[in-house]
Amino acid sequence: MSTLVQHPSSLQGARLPKWSPWAIAVGSVAVSIGLCVATGIESKIQWGLIAALLFVFGTYFIAAGVEGKRQAKDRIATSMVWVAFIIAVVPLASLVWETVKRGSKVLDGYFLSHSMGVVSDTEPGGGIYAAIIGTLEQVGIATLIAVPIGVLTAIYLVEYGRGHLARAVTFFVDVMTGIPSIVAGLFILSLLLIFDMSFSGFAGALALAILMMPVVVRSTEEMLKLVPNELREASLALGVPKWRTILKVVLPTALGGITTGVMLAVARIAGETAPVLLLVFGNPFINNNPFEGAQASLPLYIYQQYANSAGSEAAYDRAWAAALTLIAFVMILNLAARGIARWKSPKTGR
Amino acid sequence: MDITTKNIQTPPPPPQPTVAERKRNARGATRPGDRVFLGLARGSGIFLLVIMAAIAVFLTWRAAVAISKDEGNFLTTFEWNTAGTEPVFGIAVLAYGTIISSIIAMVIAVPVAVAIALFLTHYAPRKLSGPIAYVIDLLAAVPSIVYGLWGALILVPHMDGLFGWLNDYFSWTGIFDWEGGAPRSMLTVGILLAIMILPIITNVSREVFKQVPQMHEEAALALGATRWEVIRMAVLPFGRSGVISASMLGLGRALGETMAVATVLSPDFLIHGSLLNPGGGTFAQNIASKFGEADEFGRDALIASGLVLFVITLLVNGAARAIIARRKEYSGANA
């Protein structure tokens, strides 16, 4: 305890020096290595766990002895929070790292421009061209359906909505946000069964549109609420009809935010697998017509390469490469959306 | 005087609007364009309601068709056999598996997510917390199938060590008893789900913790509280309902997650006491893996199980919304 700085004033209690956490960390690692070598524990993970436990308890008792119980609790909370952060970072970092590492193995121009065709699931070769076409078409159709309905609903809620109907719509938009994607898929499937229709890209797009609508409504609603009322009032005071005010003043003002919301929604549905599995079914051949016959899709391709391959390395490589493509697509959409949000965000202090 | 009064005619009073006209004026829809636009906007809102109603109606209809032909008890049968003339299927195993895997996910994810949110708002250096929050935001957008692929090919092989350790020291509890075999069990599923819902819960909790009034924290600090005491006394009480609703949103995700469970779990139709032995199933996983080989009746049966999942997620989400709404009512405290 000779390292402690003794304060002459009684108002400030004794404090551990700033470097003490590092010292305790080094000490606990050393003790844990010593312990493990002595007792013959070989797992490196257990070494780490023992070191972490030693660190936490060491910090507590040393701090409790020097600084008092309350400070010791504070230090424990700090180390717990750090530990939780590190624990959570490991799998998330591993996810990104492994996808990039394994995905880049077979990802090249050939892989992007060819389809599976007659390439069997267990042999190398083939690619994701059909899957990319399928995903783009399905997501495109879903966007065309969901965006107008979503934006109009948001306009209704913000500009017109009062009373029971608006309240009911708000509530059910919330409820719709929570629908599991597979339930949306089952709903369209039940329609297919009733009307005796078969798999198609369009059916998948309908399910994706159901998943997309509430997201678009929510984000558009938030953006419309941000449009200052003065703009509306100024326009209305000039005698502009309400609908033209909304189209020419309110929507252009909120356009950046609405675009961001739509892009985030697209990114979300582009990765949905379950409804596509039920409704589009997958197809190793190129099918450019979303209205007839089974199509391929990127997330579904990943699943089928994983599930149908019986452990073949070639199929796993393809699955990783497709996963990397999908992540890249989703991330580019996300980054672009955030870029637009920042670029178009309302400038303050004009 | 005389002339002027004679010449000035009082203008006729403007025609009084009738009650119906006045009502229409008040609502603002007087011009044709306005009426059309209002109709479109309101129509879209109504269309959303119709979709929700249609989901409920059509799922119930197909489910009723399937359940009426079920030879077993839909709620308690431990079997899923929809082929043949005497179909027997029940959701007992699926309900158990869905609930257990979600509980495991919540037990792991909620404390860690709250800790990360606290880390980002109160512990991390300012320069670090912004970028980390941004990255976690992006991670929330990673498609579930990618988590599934990663879980099946990377996480599962790494679970051997943990399973062995749990079996060595905790097999006496019964729930951590491992008979060997690939660790494609409920515990692995729960851990993977926890990793998946972590970014969402973290994001929402972080937003809530950021809204804690500065005054509350400064008051606590001025009374001599340590940082942990500030969090205990000012931050957590303020953020509690926000954290609860964030957790419910995460729970909704975990309950309905399909692909991550379908890739990791090796399913069967039994309820296993141990979390480490492979087996069991969840609603969504069962639909995804049974769908390929199901005939038309089999699909109806799967729709019946989907209806149960739909109802469960509706209840969970409804509870989350109710908590958020209550919080809004009381948020006058931070004015």
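Backbone N, Cα and C define each Cβ position, glycine as well.
Automated prediction, rather than curation, is the source of TrEMBL annotations.
Under the heading transmembrane segment, TrEMBL lists A:21-41 (among others).
Per TrEMBL, transmembrane segment is recorded for A:47-64 (among others).
Long-range neighbours of the transmembrane segment (A:76-97) within the same chain, counting only residues 6 or more positions beyond its ends whose Cβ lies under 8 Å from a Cβ of the stretch, are 21, 52, 55-56, 59-60, 327. Residues or ranges marked as transmembrane segment by TrEMBL: A:76-97 (among others).
For A:132-337, the entry in TrEMBL reads domain 'ABC transmembrane type-1'.
Among the features that TrEMBL reports, transmembrane segment is placed at A:139-158 (among others).
The transmembrane segment annotation in TrEMBL covers A:170-193 (among others).
Annotation source TrEMBL lists transmembrane segment at A:199-217 (among others).
Feature annotation from TrEMBL assigns transmembrane segment to A:249-270 (among others). Below 8 angstroms of C-beta separation, residues 135, 139, 142-143, 146-147, 151, 155, 159, 208, 211-212, 215-216, 218-220, 222-224, 226-227, 231-232, 235, 240, 298-299, 326, 329-330, 333-334, 336-338, 340-341, 343-345 of the same chain, each at least six residues beyond the ends of the transmembrane segment (A:249-270), sit close to that stretch.
Look at TrEMBL and you will find A:319-337 (among others) tagged as transmembrane segment.
Non-local neighbours of the transmembrane segment (A:47-64) in the same chain are 16, 20-21, 24-25, 27-29, 31-33, 35-36, 41, 71-72, 75-76, 79-80, 83; each lies 6+ residues outside the stretch with a CB under 8 Å from one of its CB atoms.
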